[in-house]
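Notes for the one structure printed next.
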Amino acid sequence: PVSPQLADSEFSPVFRLLTIFAYGTYTDYLADAANLPPLTEAQKNKLRHLSVVTLAAKIKCIPYSVLLEQLQLKNVRQLEDLVIEAVYADVLRGSLDQRNQRLEVDYSIGRDIRREELSTITHTLQEWCQGCEVVLSGIEEQVSRANQHKEQQLALKQQIESEVANLKKTIKVTTAAAAAATSQDPEQHLTELREPAPGTNQRQASKKTSKAKGLRGSAKIWSKSN
């Protein structure tokens, strides 16, 4: 870093020039060029590259018209050559959109920071941290809800499985009882259907014997009468 004491010394023009290369742009140099050391073409292009970096920090799609004005170039050909040099020097990465006349920046190097800009950067970082905390809190809440829903679904699944198991047991017991009541001894059931009850057989046999005796008695009476 350059000592601030140079600002009040005989080297103050050099100090201001170094400050422009650290924080400023090519237009800043032109505004005070009469009180600053002259620049070579290489130094001018270097400061122009840094000026493009400053613009890229504010906007990612920089119109050619803005670049031509800020860099004090005469035509688009010079502008595109300058941007290509910056890309090869790894100062920035992007593409030239010739159809829409703009530079689309994907990446650019960082520049030095002024002391008066530290408070703004700190505020921005604090807002970013607060935003991260809000997002993290939201994620934790979503995870909690997802776990609760998972537990509810698991309990419901277990309840359904228990009910299905009980239903299967009930059906099995009912089926076994019905089978025992209807088909416990099929052969005995068929025998009962084929053979009449004992009392019925005796009554039928008595009726047959009485009938036979009646027929014999009738036959004797008929023979005597004849």
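Heads up, the Cβ atoms here are built off N, Cα and C, so glycines get one too.
Note: TrEMBL annotation is automatic and uncurated.
Record note: among 94-121, 122-149, 150-177, 150-177 is the stretch given as coiled coil by TrEMBL.
Mean pLDDT across the coiled coil (150-177) comes to 88 in this model. Secondary structure counts, DSSP: the domain 'PCI' (1-110) has 63 helix, 16 strand, 31 coil.
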